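Inspection log for the structure reproduced underneath, given as structure tokens.
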Amino acid sequence: MATQAYLSSSNGAVADEPKSEVNASAAAKPSFPEGGVRAWSVVFGASIALGCAFGYLSAFGIYETYYSEHQLAEKTASEIAWIGSTQIFLQFATSLVSGSLFDLYGAKILLIPGSLSFVFSIMMTSLCKQYYQVILAQGILGGLSTGFIFTPSLAAIGHYFQKKRGLAMGICAAGSSLGGLLFPIALKHALYSQRLGFGWGVRVVGFVVLGLLAIACALVRERLPPRKGQLFLPRAFLQPSYSFLVASVFLSFWGMWVPYFFIVSFAIQKIHMGGDLAFYTLSIVNAGSLLGRIIPGFLADRFGRLNMLVCVYAANSIMLLTWIRITTAAGLIAWAAVFGFVSGAVISLYPVSIAQLAPRPQEIGTYMGQASAIVSVAGLTGTPIAGALIRSYGYEAAALFAGLSMVIRVYSISNNNTLQEAAHDATSGWYTSALSNNNFQVAANSTVGAAYLAGTQALRAMQEYPQWRRSLYLGNLKEWQTLSNLGAALPGTAIAIRSFSQPNQVISFSVPNASPGTALAVTTTEDDSIHVYYGGSSNSIVEKVHDANSGWYDGAFSQSGMPGSQVAAINWGSGSGLNIRVYFQQPQSVPGVSEYQYVNGNWMAGQIPIPPA
């Protein structure tokens with residue numbers, strides 16, 4: 001872990017910039033090509049893969065209508081919807097395994113068998129006459145197969161892009177929209193063709209899918225070496241941002257798929273549109289989705305992926321709640337195009353948002369897979385619930401169910417990222433201090449550092465909006481004010497600052513492009529030795545020490561910490577003697593913070609936990 005150390009004066013100007021290397025045991029974060037023939041060929045191949053897997057699934061509304069008129073005419077809309085929802089459920093649930101296997105073994109070991117079994121499921125669907133047969137062939141086998149195509153294709157892109165990841169995944173997701181645009185048209189003409197009929201119509205589509213997936217298997221490949229260790233990473237759910245994001249995607253998927261399944265039947269039964277035009281409404285949704293998967297991804301790279309995700313979820317809520325007010329064919333066509341755009345943005349932004357929370361690129365597949373497994377339950381239950389509501393109460397009830405699911409989702413992802421300050425003195429103990437009342441907004445996963453400058457507290461904070469920057473605040477117990485903007489910082493930079501021996505100056509350490517939650521702290525002594533505490537291997541907190549005689553060397557401190565725990569350190573004393581205190585989170589101290597003291601040459605445990613949660 002390379003760090004940069006430099007001195008800053010109290011007016012925020014950089015006084016000196018000597019660079020120091022701290023050779024931590026943590027491996028350096030890998031670089032990303034951000035383009036090139038190989039990288040974009042992977043995006044192209046992944047786009048084809050999603051076009052076949054996700055695009056074919058998006059065309060289920062055609063099957064829903066056809067089945068209700070032919071071999072499954074005796075079944076209700078809710079019962080038929082279980083076929084498609086089972087496919088959605090298994091596609092995302094299988095990602096729990098396929099995402100982890102991608103991180104451990106790569107892409108092709110999953111894509112090739114997944115592609116072959118998916119084509120086989122389409123061929124078996126062409127032979128189905130009864131409900132249980134369709135459930136087995138299209139719902140179960142089709143869902144399991146696409147689960148081994150979907151997540152590895154998306155996760156592979158994370159090996160090639162970081163800054164442009166939103167755009168790259170948006171282009172990839174646009175492939176599923178293109179598939180969702182073309183498959184409904186192809187299926188409509190094939191299924192209702194007197195020359196082909198259901199059997200050969202479905203088989204022709206299967207042969208097309210076979211050729212396309214052969215290209216995808218040749219192009220999609222991982223770049224980074226596989227990760228070692230366990231199959232799953234349950235520690236991911238200890239990250240509040242990850243857990244909240246997964247919960248919010250669950251709620252969104254609960255309602256978002258309803259129009260994809262029922263817009264064709266809605267157009268025929270409620271708007272009384274002609275058969276051909278009604279079938280095209282699903283293609284219009286997917287055509288709008290094509291742009292919705294590219295443009296928001298491009299904007300998300302500039303304005304924040306989670307920020308953009310909140311916006312598109314709010315837009316989805318509005319669109320789903322206005323669905324029930326559509327009464328004309330022209331209105332439904334316009335609504336379908338706009339809904340396609342905003343729903344497409346959801347599908348492209350949620351995986352890239354998940355990916356940015358993974359500490360290492362080699363964990364992206366597992367993070368996506370674990371999230372998808374939970375989201376799969378929403379895909380399984382959402383459309384059958386809507387189908388039952390349509391049967392009992394009409395389309396208005398289904399639209400309200402879908403729209404309100406999205407509204408709940410909007411509020412579940414929003415949080416108040418303000419800096420909080422805890423102070424301690426001999427009289428009052430720990431208490432909330434002045435900074436907590438000033439509404440200093442920072443981004444999720446921001447890091448902060450504090451120092452004491454000639455009787456004045458100094459705070460350096462990482463902030464995201466409208467751009468990543470390093471800011472210096474000065475204050476006392478009554479008020480805080482922004483002193484200066486210290487310039488741009490890379491997203492994920494970890495910082496630590498400490499007052500130094502020179503008047504009104506601090507020493508600052510930073511780790512550019514650190515993983516979210518990277519632990520880093522620094523303290524100094526009056527003899528100008530520097531003690532740096534940072535996250536080592538296996539979630540440990542370790543120490544590096546620097547003095548004028550020996551340079552940098554390993555310190556005596558080493559303790560186990562929680563994944564993603566922050567660390568703080570202070571020299572509590574004066575003179576040449578050391579009385580350092582280190583604060584961080586240990587498994588046994590959750591939800592509090594452990595304190596360790598270095599007194600008279602020995603490390604010992606302090607108060608646990610302090611301050612209380």
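For all residues, glycine too, the Cβ spot is worked out from N, Cα and C.
The annotation domain 'Major facilitator superfamily (MFS) profile' is assigned in TrEMBL to 39-420. Summed and averaged per residue, pLDDT over the domain 'Major facilitator superfamily (MFS) profile' (39-420) gives 86.
For 39-60 (among others), the entry in TrEMBL reads transmembrane segment.
Sequence annotations record features per position, and here TrEMBL assigns transmembrane segment to 80-102 (among others). Nonlocal intrachain contacts for the transmembrane segment (80-102), taken as residues 6+ away from its ends with a CB within less than 8 angstroms of a stretch CB, comprise 53, 57, 60, 63-64, 67-68, 72, 109-110, 114, 134-135, 138-140, 142-144, 146-148, 150-152, 155-156, 222, 231-233, 257, 261-262, 365-370, 372-373, 375-377, 379-384, 386-387.
The feature transmembrane segment is assigned by TrEMBL to 109-127 (among others).
Residues annotated as transmembrane segment in TrEMBL: 133-155 (among others).
According to TrEMBL, the feature transmembrane segment maps to 167-186 (among others). Using a Cβ-Cβ cut-off under 8 Å and counting only residues 6 or more beyond its ends in the same chain, the transmembrane segment (167-186) has close neighbours at 39, 43, 46-56, 58-59, 61-62, 153-154, 157, 160-161, 205, 208, 279-280, 282-283, 285-287, 289-290, 292-298, 300-301, 340, 344, 347-349, 351-352, 355.
The transmembrane segment annotation in TrEMBL covers 198-220 (among others). Tertiary proximity for the transmembrane segment (198-220) is limited to same-chain residues at least six positions away from its ends with a CB under 8 Å from its CB atoms, namely 41-42, 44-46, 48-49, 51-52, 56, 66, 70-71, 107-108, 111-112, 115, 118-119, 122-123, 125-127, 149, 152-153, 156, 183, 186-187, 189-191.
Counting same-chain residues at least six beyond the ends of the transmembrane segment (241-265), those with a Cβ under 8 angstroms from any Cβ of the stretch are 58, 60-62, 64-65, 68, 77, 81, 84-85, 88, 278-279, 281-282, 285, 306, 313, 316, 320, 323, 332, 336, 339, 343, 346, 350, 353-354, 357, 367, 370-371, 374-375, 377-379, 381-383, 386-387, 390, 395, 398-399, 401-406, 408-409, 412-413, 415, 444-445, 516. Annotated transmembrane segment per TrEMBL: 241-265 (among others), in sequence order.
Here the transmembrane segment (277-299) has Cβ contacts under 8 Å with residues 55, 58-59, 61-62, 65, 166-171, 173-174, 176-182, 184-185, 188, 259-260, 263-264, 267-268, 271, 308, 312, 329, 332-333, 336-345, 347-349, 352 of the same chain, all six or more residues outside its ends. Positions annotated as transmembrane segment by TrEMBL: 277-299 (among others).
Annotation source TrEMBL lists transmembrane segment at 306-326 (among others).
Beyond the ends of the transmembrane segment (332-352), by six or more residues, the same chain brings 54, 154, 165-166, 169-170, 172-174, 176-177, 245, 249, 252, 256, 259-260, 263, 266-267, 271, 273, 281-282, 284-297, 300, 305, 308-309, 312-313, 315-316, 319-320, 322-323, 326, 368 to within a C-beta distance below 8 angstroms of the stretch. The transmembrane segment feature in TrEMBL is assigned to 332-352 (among others).
The transmembrane segment annotation in TrEMBL covers 364-387 (among others).
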Which listed range (109-127, 133-155, 364-387) shows the maximal number of Cβ pairs under 8 Å with respect to the transmembrane segment (39-60)?
133-155
Cβ contacts under 8 Å made by the transmembrane segment (109-127) with residues that lie 6+ beyond its boundaries:
49, 52-53, 56, 98, 101-102, 133-134, 136-138, 141-142, 144-149, 152-153, 198-203, 205-206, 209-210, 213-214, 216-217, 220
Mind checking which residues of the chain, 6+ beyond the ends of the transmembrane segment (364-387), have their Cβ under 8 Å from one of its Cβ atoms?
76-82, 84-86, 88-93, 95-103, 150-152, 154-155, 158-159, 232-234, 236-237, 242, 245-246, 249-258, 261-262, 351, 354-355, 357-358, 398, 401-402, 405
